[in-house]
Amino acid sequence: MTADADERPTVDADRPGAESAEPTLHARYEGDDDPEKCTARKLARFDLIDLHRSDRDTPYGVVLNPHAEQALSPADGDGAPLVALDCSWDSAGEARFSLPGEHRALPYLVAANPVNFGRPLRLTTVEALAGALAIFGRRDRAADLLSKFTWGHTFLELNAEPLRRYAACADSAAVVEVQQEYLDRGGE
């Protein structure tokens with residue numbers, strides 16, 4: 001099977017693992033947030049992600065978990081499914097993240113969504129998935145996800161420098177070093 005050049009995702013060829021398969025996108029859907037503001041539900045309506053209502057139905061993959069001990073890095077972008085937990089931040093305690101998979105924390109990123117605008121790490125599901133895709137060198141796919149939201153482009157604009165720097169890292173340790181620079185500067 002062949003693909004036209006226009007159909008192939010843009011991938012940074014200089015990045016290790018850049019030729020890996022596109023990850024499928026999934027969300028473990030809790031249904032405890034405002035359905036009108038739920039970014040996972042909107043992405044599912046556009047057939048951009050699959051929603052799962054139980055841990056058992058959610059595929060094993062890279063789980064975006066703010067409580068994980070290891071930071072997400074380009075090395076995690078090997079084409080394994082990318083899984084986010086879609087729930088209210090009020091209920092996003094560590095116990096909620098019981099999904100099977102390789103748990104990774106997104107590094108320092110600033111929210112662009114209207115509810116948490118400007119707040120570090122208080123991302124919606126679409127922001128988390130788009131941030132991970134950008135770190136994996138799949139910025140075009142990240143932009144496609146975000147294009148479904150009026151504020152989506154702002155996420156990539158606010159986080160352009162850190163996302164570029166994280167995507168250039170070889171591993172989690174390097175991502176943590178870059179992240180520490182932003183934390184030391186107060187997240188500027």
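Numbers here mean position along the shown chain, with the first residue as 1.
Yeah, the Cβs are placed from backbone N, Cα and C, and that goes for glycine too.
Unlike curated entries, TrEMBL annotations are predicted automatically.
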Which residue of T39, T154 does TrEMBL report at the same S-adenosyl-L-methionine site as L85, L106, T125?
T39
Within the chain of T125 (S-adenosyl-L-methionine binding site), which residues six or more apart in sequence place their C-beta under 8 angstroms from its C-beta?
A27, C38, T39, A40, L43, A84, D86
Would you list the other residues of this chain near S-adenosyl-L-methionine - those whose C-beta lies within 8 angstroms of the C-beta centroid of T39, L85, L106, T125 - in sequence order?
A27, A40, L64, A84, D86, L123, T124, V126, E127, A128, L129
Just to be sure I understand, if DSSP states are collapsed into helix, strand and coil, how many residues of the domain 'RNase L inhibitor RLI-like possible metal-binding' (28-56) fall in each?
7 helix, 5 strand, 17 coil
